[in-house]
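Please read the structure below before turning to the comments.
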Amino acid sequence: AATSPRIPPTRLALHHFDMSYSLQLKDLWPSVRAGLLCEQKYGALLNNFSPVDHVTQELELLNATDFVSEALKKAQRSQRGAAAEEEGRGEGRAWEGSGEGRTARQAETMTQAEMSPPLRASISSNIKCYTFPRGDITRFRPARPDTLGLLDYYLMDAASLLPVLALNVKPDDTVLDLCAAPGGKTLALLQTGLCGHLAANDVSISRVKRLYQILHSYVPREIRETVSVTSYDGRDWGQLEGGTFHKVLVDVPCTTDRHSATEEENNIFHKRRTKERQMLPMLQLQLLMAGILATKPRGEVVYSTCSLSPLQNECVIE
């Protein structure tokens, strides 16, 4: 009997995205689709445990910029503009008020605008990640070791830093990275210099080996001693160490849209992984609940994915 032709999982993934994301994103989908299919651009996360001044100069000579500090400056300029506009409206409503009162109102507005929570997170992070401008497809050179053998930067998708910035780690926070491997976000958390203790967990033993490699390549021994690496099922963490952490990052397994649309290997849209893919939202919900249970009262949890799917994002949260 003739067998039906095998459809590549990348084609299945793209068909699925075309059917669902075109309805979700409407006119934006063609440009987002093109972005998914383009060659991936990386950011260079500077390693604060290695001398970085010469690396910074090298990258800036190549026209790369630290997107974290640039985003902060842009946001502050925007907020100052909004505050000034609001102050102008206020003056129009109360023109007969005293000049001293207007100055006080303006100072209060500016202070609140400049120190909104997202900006505080960026200011305190100590994270520097260099990227090339839009349209510039220059590639970063491979990372180089310093005199102690620590590599000078880590190449990663710059968007992967956003959950770490959103976590807003404070000095001496106890932090859990529930699904930590392969280790980029764990390394970024350590770059903040603020973690009192960091627990990095991943259910995959093979991926945890990659995490160990990253820690040994970028982090000095005295800092590695503040990190505990485990390989538990993250869904059980609330029972293992409930109510323990100030901050928890739950970066869950997902359809990883870019990988699914471009890479055949280990693609979750392979037909033999259909059930696994369908069960992802349930797994994500269980991991999120475990992360919440692992958090101290008034602690904070950040949930993140590498997918545009509402089923894996909004629906899990709601």
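Here the Cβ of each residue, glycine as well, is placed from N, Cα and C on the backbone.
Per TrEMBL, the features are as follows:
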type	residues	note
REGION	77-116	region 'Disordered'
DOMAIN	82-318	domain 'SAM-dependent MTase RsmB/NOP-type'
BINDING	CYS179, ALA180, ALA181, PRO182, GLY183, GLY184, LYS185, ASP202, ASP233, ASP251	S-adenosyl-L-methionine binding site
ACT_SITE	CYS306	active site, nucleophile
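For GLY183 (S-adenosyl-L-methionine binding site), the same-chain residues lying six or more positions away in sequence with a CB closer than 8 A to its CB are ALA200, ARG210, LEU211, GLN213, ILE214, LEU215. Counting neighbouring Cβ atoms within 10 Å of each of the recorded positions (CYS179, ALA181, CYS306), the lowest count belongs to CYS306. The average pLDDT the prediction assigns to the domain 'SAM-dependent MTase RsmB/NOP-type' (82-318) is 88. Between the C-alpha atoms of CYS179 (S-adenosyl-L-methionine binding site) and CYS306 (active site, nucleophile), the distance comes to 13 Å. Other C-beta atoms found within 10 angstroms of the C-beta of ASP233 (S-adenosyl-L-methionine binding site) number 13, with every protein chain shown included. Note on LYS185 (S-adenosyl-L-methionine binding site): other Cβ atoms within 10 Å of its Cβ, all shown chains, come to 24. Cα spacing between ALA181 (S-adenosyl-L-methionine binding site) and the residue listed as 'active site, nucleophile': 14 Å, rounded to the nearest whole number.
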